Amino acid sequence: MTDTETRLKALMLRGLDGDTAAYREGLALLGVRLRAYFMRRMSGAPGDVEDLVQETLLAVHLKRSTWDSAQSFTAWAHAVARYKLIDHWRRRKIRQTLPLEDHVDFLADDAPDPGVALELDRALASLPQRQRMLVSDVKLTGLSLAEAGARAGISEGAAKVALHRALKALAERMRRADG
């Protein structure tokens with residue numbers, strides 16, 4: 001766990017327990033991280049950067065109860081920031097690719113739970129072959145729905161429906177595994 005992750009997580013936990021000073025400090029520290037994250041992705045738009053920082057901090061505040069304190073805070077906050085950035089680009093119809101190495105400094109260094117990975121492998125294995133192939137092609141390999149559908153011998157629309165059903169079945173299986 002990084003020093004920033006440790007500090008942010010401790011501040012947010014104290015904030016959730018009612019320590020408003022710690023909560024404010026945690027949001028301020030997160031704001032600095034978010035500003036740097038958005039600046040790397042938003043060249044020439046400092047006003048947009050500030051808007052995104054504020055939107056993300058507001059979303060973190062409003063959705064703080066959804067954060068599982070047993071998990072990484074920075075990974076959760078990064079997901080919120082990423083969705084806010086995607087929403088921003090959609091509003092402006094901007095498409096950009098983000099190199100993975102840009103995310104390394106923000107991501108937590110916690111290793112994934114091997115039990116979860118094993119359960120996910122089991123859940124994938126329980127799917128019918130076509131659904132398993134679609135999940136692998138679209139979500140793991142990065143093929144488009146049209147490409148994955150062509151590989152499976154079905155239309156893009158049928159691939160979309162089959163993928164949706166597969167992901168729904170996986171989510172249900174994982175929920176049942178959590179107890």
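Every residue, even glycine, has its Cβ placed from backbone N, Cα and C.
Keep in mind that this is a model prediction, so the values were computed, not measured.
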Open item on the list: Need the matching range: Swiss-Prot marks motif 'Polymerase core binding' on one of 51-64, 79-92, 149-162, and I'd like to know which.
Closed with: 51-64
- [ ] Over the span of the region 'Sigma-70 factor domain-4' (123-170), count residues by DSSP class, listing helix, strand and coil in order.
- [x] 40 helix, 0 strand, 8 coil
